[in-house]
Amino acid sequence: MAQNHEDMAAELHEEFNERIPNRGTDLAGGYIEKPSLDQKRELAISDSETGPTPDGEEPNEHEKQTLRRIGENLPASAFMIAIVELTERFTYYGAQGLFQNYVNNAEDGSDGQKGLGMGHQAAFGLNLFFQWFCYVTPILGAIISDQYLGKYKTILIFCCIYWLGLLILWTTSLPVALENGAGLGGYVTALVVIGFGTGGIKSNIAPLIADQYQRRTMAIKTETSGERVIIDPAITYQRIYMVFYWCINVGALSLMATPFLEKYEGFWTAFLLCFCMFNVGIAILIIRRKSYVIRPPQGQIITDAFKAIGMMIRTRTLDGAKPSWRAEHGKTGNVAWDDHFVEELKRALRACKVFVFYPIFWVCYGQFSSNFVTQASQMQVHGMPNDFMQNFDPLSILIFTPILEKILYPFLRKRGIELRPIVRITIGFWLAALCMAYAAIVQKLIYSAGPCYEHPRECPAGLSADNKKLPNNVHVAVQTPAYVFIGVSEIFISVTGLEYAYTKAPPSMKSFVQSLYLFTNAFGSAISEGFVPVAKDPKFLWMYTGIAVAAFITGCLFYGLFHHYDAQEEAMYALDRDVPVLSLPAQQQAEKPADKEVDAK
């Protein structure tokens, strides 16, 4: 296998030398630059003289410039995995969306259903801890998957851990448990156990759904209309993760049910609903197990990756871990990898550089399940639970995802405009900044209205005749655009992050690179912890304003540093040419139940 990788790497090197004489390197690993306009024109003329490429074969340069590009439909097994993720996210969001109220609400039920009575700041801090922990644990799940058990078995094990955490959360939230002081201990224990469970699932399920798609290179296809098009795997991966994220947000609509169960029946009924839905997901995962394309673990692959990175650091060159470079420079000792693996590793390092900026986005994103809930409680909700407004985030994603996938992106492609990853991520940062700026405007409206102005629900004038705390006179509907802005920003930045982590990772390290992407969320939660002292009235206004400015500046810096990466996408995809393109019968076979595992390379 290693020799095949060496031969393929050599062929790629020769092909690029022949067809693209002007090569360039950058700090991320020396990927080949796109040819100049004149070179492209010469190649296109040369290719056009050879005639059209047959269906199923890779297009030539002329066809790449002139033919429309499309994606393929998702395999049936990919949809099953998406449904499993839907049930897990239903559980996660349905429960986590109530944690703010569960911790904040008074033990005597004076401001809603009986909770733990720890106040807003404690609720905000524990919520941030939970978010942080859920995005640290994916690294553990990734190591177990890539080196020992594989994605499917790892997901199944962590589902069992998750199940136990949900059971603890539900039983300790029962009225009898709260009355006997078991609520806080059970809640903290459940946070830790659920954090382990969801983390192990997160790092593996996103790569597993993309593993179901087998094509790795472009191919010519003739449509029924007679139009010749290019099947582009990059577009298909974008589609896979759009569908995946869409299903995640169908699950997130659990927040349309759980807040009402909380409000009228108690927290325990909402947690029970989440527990039951999670059992449905486990059942689907087990029953459909023979239909999945499963890639086996690759032994000490992560250890090898760190050894290779260590060699790069010691030799002060990204090629320093290549066997060919070591032989050329008289370095003794054999290594367990080939040149091609090092090229894949360099590509993964580039993705990690892109992810460095993500924590700022996650700071913005984290507000909608914590401080936005508090903001809603400061306004007139007219009988609606204050945490119900969170549903406008997934609803906006469900509405705008098909608009982008079916209308906007195809419209732009027909006109030769492709929104490549770096551009999409930049748009996401700017939309997140817009969300936070709008939240600051809403907070200003709240502080400008009575009865309590800058101290909502905390003044004598804000008490009703039956001694209930009253909000300020602002309708909660004005908060809706903030959820829409953050939802659309997720489509651009979060979906693209999942896609980027998968397509830039070595085939045997998909889960690990995915876990590094998810780890940026943990950094975002850690940064948000610094806002806890100012997450109170009347400082909310300036907190939102500061985050908005930070997100906008981050988007500008991000584009300035990385926009040239978009021009090198095809060169990076070329590294996956060693993975064969499956014919239609082979793709159909991959979707059939199979007992054999598919090798990653």
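Here the Cβ of each residue, glycine as well, is placed from N, Cα and C on the backbone.
Annotated compositional bias 'Basic and acidic residues' per TrEMBL: 1-21 (among others), in sequence order.
Per TrEMBL, the feature compositional bias 'Basic and acidic residues' maps to 35-44 (among others).
Summarising the annotation, TrEMBL assigns region 'Disordered' to 1-65.
Feature annotation from TrEMBL assigns transmembrane segment to 122-143 (among others). With a threshold of 8 Å between CB atoms, the same-chain residues lying at least 6 positions outside the transmembrane segment (122-143) that come near it are 96, 99-104, 154, 158, 188, 191-192, 194-196, 198-204, 302, 366, 369-371, 374, 511-512, 514-516, 518-522, 524-526, 528-529, 532, 535.
Feature annotation from TrEMBL assigns transmembrane segment to 155-178 (among others). Listed by sequence, the residues of this chain that lie at least six past the ends of the transmembrane segment (155-178) yet keep a Cβ under 8 A from its Cβ atoms are 88, 91, 95, 102, 107, 114, 141, 144, 149, 185-187, 189-201, 204-205, 208, 266-268, 271-272, 274-275, 278-279, 281-282, 285-286.
Annotation source TrEMBL lists transmembrane segment at 184-210 (among others).
Taken from TrEMBL, the feature transmembrane segment applies to 243-261 (among others). Long-range contacts of the transmembrane segment (243-261) within its own chain (CB-CB distance under 8 A, at least 6 residues past either end) are made by residues 74, 78-79, 82-83, 85-95, 97-98, 206, 209, 269-270, 273-274, 277, 385, 387-388, 390-391, 393-395, 397-398, 401-402, 487, 490-491, 494-495, 498.
Under the heading transmembrane segment, TrEMBL lists 267-287 (among others).
Annotation source TrEMBL lists transmembrane segment at 351-368 (among others).
Per TrEMBL, the feature transmembrane segment maps to 388-409 (among others).
Feature annotation from TrEMBL assigns transmembrane segment to 421-441 (among others). The list of residues near the transmembrane segment (421-441) in space but at least 6 beyond its ends in sequence, with Cβ under 8 angstroms from a Cβ of it, reads 354, 357, 360-361, 364-365, 367, 372, 375, 479, 481-482, 485-486, 488-494, 496-497, 499-500, 541-542, 544-545, 547-549, 551-552, 554-555, 558-559, 562-563, 565-566, 569.
Per TrEMBL, the feature transmembrane segment maps to 482-503 (among others). Sequence-distant contacts of the transmembrane segment (482-503) (same chain, six or more residues past either end, CB-CB distance under 8 Å): 206-207, 210, 234, 237-238, 240-242, 244-245, 249, 351, 354-355, 358, 361, 364-365, 367-368, 372, 389-390, 392-397, 400-401, 404, 421, 424-425, 427-432, 434-435, 438-439, 442, 510, 513-514, 516-517, 572-573.
TrEMBL lists 515-535 (among others) with the feature transmembrane segment. Tertiary neighbourhood of the transmembrane segment (515-535): same-chain residues 120-121, 124-125, 128-129, 131-136, 138-139, 141-142, 199, 202-203, 351-352, 355-356, 358-363, 365-366, 370-371, 374, 497-498, 500-501, 542-543, 547, selected by CB-CB distance under 8 Å and a gap of 6+ residues from either end.
The transmembrane segment annotation in TrEMBL covers 541-562 (among others).
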Surrounding residues of the transmembrane segment (267-287) on its own chain - C-beta under 8 Å, 6+ positions past either end: 80, 83-88, 90-92, 94-95, 98, 101-102, 113, 115, 155-156, 159, 162-163, 166-167, 169-170, 173-175, 254, 257-259, 261
Stretch in 184-210, 388-409, 541-562 most in contact with the transmembrane segment (351-368), if contact is a CB pair under 8 A: 541-562
Beyond the flanks of the transmembrane segment (184-210) by at least 6 residues, Cβ under 8 Å: 78, 81-82, 84-85, 88, 92, 95, 102-103, 116, 118, 126, 129-130, 133-142, 144-145, 151-152, 154-155, 157-166, 168-169, 171-173, 177, 237, 240-241, 244, 292, 294, 498, 501-502, 505, 510-512, 514-515, 518
